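Student: Handing you a structure now.
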Amino acid sequence: MTARRLPRLFLALVVFFVVVAVGAQRMQFDQVRRSKCERITIPMCQDMPYNLTRMPNLMGHTDQSQAAIQVHEFVPLVEIGCSKHLKFFLCSLYAPMCTEQVDTPIPSCQSICEEVKSKCLPLLAQFNFNWPQALNCSRLPVPEKNGLCMEFPPGADERYSKYLPEKTETSKLSPHSKLLNLPLPHAFPPFKKFQNGRFFDTFSTEPSPVGRSSSKNCPETMVDLPGRNVDQCIPRCGWDFLFTRNDKNFAEIWMGIWAAVCFMATIFTVSTFWINPTRFRYPERPIIFLSLCCSFSSVAYLFRIFAGSEFVSCNKSEGVESHLIVEGIDRWGCIVVFLLLYYFGMAAAFWWLVLTLSWYLAAGKQWGHEAIESLASYFHLVCWAVPGVLSIVVLALRHVDGDELTGLCFVGNQNREALLSFVIAPQGFVLSLGGLLVLLGFVSLLRIRKLMKEGGRNTNKLERLMVRIGLFSVLSTLPALTLLACLLYEYHQMPAWKARATANVVECLAKRGDASAPCRLQDSIPMEEVFMLKIFMSLLVGITTGVWIWSNKTWTAWGKLCASRFGRRASRRVQYTKPPLPANLPSPQHHHQFHPLNASSVSRTKSHSHRKALTHVTMV
């Protein structure tokens, strides 16, 4: 790799990340048209005879977590046991069967719907409810007309009898039946038919955008945001959706401690560079910019703690209760925290990549300081421009949202596709390429060490350098790798967490029948330890930047700075006193004839005595 090719490489990286960001969103926009089978995560439907479903479903939901909110509102009817096929019928609509051989979701047949309706409609009539329009049987397929649908499998009555009441005729209302006493117009959204990538209302010929619903589809503990591209049920601020109140309080203390430590460590590193800039040349200089980025990221945590989660991650729209921010481009506090975290976090990742590249060029390709420094402008272009482009794309696509646990604004807190496209993918690319460069650099250093030993040269200095590089590589790579693992865990488990949380919300309301007070969780649904580890590892990268500068040169530089500052102030307070005349000079009262040579000697003697006295005062 030559110096002439590297600029082209970095410019290609800029284009690469722009294409990846745009391409990822293009894939997301085409998700409805080219959806694939996915495992069922709705708790109520996980014991069905099939385990794969396809989104969007027949009700217009593009995400299982949103479908779970509505289907769990039928829990009272299911537990009453008005029909042994009710649960299968509901799940076939909200989580229809999927097979790769067919491009459309497969619901239950019309006969199943008619059987369920005949059994459950009398019970609904007792509570002055009509049969929901969302469950219009005439819209379901009929096998005799070549319609693709599911019949309840023969012999399944016995297999699933454990999920039904023992005696349907004498079943009494369970505690969940309190929901029947609550106003439930939001439980029955208009049935929609999927056609050519758009949904058509059952009783209207006008098409509506995918996922758009004019009715309120969320339980009372959540907020239905109007005017969005996709209907979303967002948790209210102050309510426990995924995490308990105790875990939220602990997370705030945890963030404050490590953010303060990270800020002090990074400021110390940057200040050391400011004292003596010429000491930190390439390939070590990227550590300084990495530390600077981590310093700004730690400011985001501190700003959130002092400003409060309500100010940063909550929003109160007109006519809507306070809720977690989605598409948070209207609150300046949210935007500031997002930019500090995302822009400088991505910039830190790219500066780490530049650091590994610089080490590889110095160790593997034997490049000198000047040769690597000649590429500094390209390093700065990539490390500052690429995160800027990604940040602009995220803001343009309105993917900024609030986090319930930390109260921070970031990308992907509530949208797993955005988390994958804008966080996991770039971090994974940088970590993979940087790890490869570190490995190649170590191999080159080992080869150089072997050649030096064979030549009888001293390798102590090289070995110390290898230890420092190895220590910093471990302390910077391990946190980044752990952070990536936490993000992948969050991406994989997010649908299941949301589905379980929505089920808990419905269960909470069913037990109390009151939506005026917040529902409190006994335990957090996700493993809170993973999120605490994620916070710690994201800040540990900045703390470890101080490891590289912890040396005698650093303490000497700070000692000289302090001595010069305080010494200058002390010298101003010292008053000058005229030094005594030397003893070998003649007394002033004796008169001698003036000789130019003697005068010159006396002048030199006085000057020497003057300097000696000042030196004595300064040393004292």
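Each residue, glycine too, has its Cβ placed from N, Cα and C.
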Student: Let me make sure I read this right: TrEMBL says CYS113 forms a disulphide bond with another cysteine. Which one, out of CYS91, CYS98, CYS137?
Tutor: CYS137
Student: Could you tell me which of CYS82, CYS91, CYS98, CYS109 is bonded to CYS37 by a disulfide, according to TrEMBL?
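Tutor: If we follow TrEMBL, the cysteine bonded to CYS37 turns out to be CYS98.
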Student: Looking at TrEMBL, which of CYS45, CYS109, CYS120 bridges to CYS91 via a disulfide?
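Tutor: Out of the candidates CYS45, CYS109, CYS120, the one TrEMBL links to CYS91 is CYS45.
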Student: Within 10 Å of each Cβ, count the other Cβ atoms and name the one among the disulfide-bonded residues CYS37, CYS91, CYS98, CYS120, CYS137 with the highest count.
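Tutor: Most Cβ neighbours within 10 Å: CYS91.
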Student: Sort out for me which stretch, of 253-275, 287-307, 340-363, 375-398, 418-448, has the most Cβ pairs below 8 angstroms to the transmembrane segment (531-550).
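Tutor: Going through each listed stretch, the top one turns out to be 253-275.
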Student: Report the listed stretch (253-275, 287-307, 375-398, 469-491) having the maximum count of Cβ pairs within less than 8 Å of the transmembrane segment (418-448).
Tutor: 469-491
Student: Where the distance is taken from Cα to Cα, which of the disulfide-bonded residues CYS37, CYS82, CYS91, CYS98 turns out closest to CYS137 (disulfide bond)?
Tutor: CYS91
Student: Reduce the DSSP letter at CYS98 (disulfide bond) to three states and note it down.
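Tutor: In the DSSP reduction, CYS98 (disulfide bond) maps to coil.
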Student: Calculate the distance in Å between the alpha carbons (Cα) of CYS120 (disulfide bond) and CYS113 (disulfide bond), and round it to a whole number.
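Tutor: So the Cα of CYS113 (disulfide bond) lies 10 Å away from that of CYS120 (disulfide bond).
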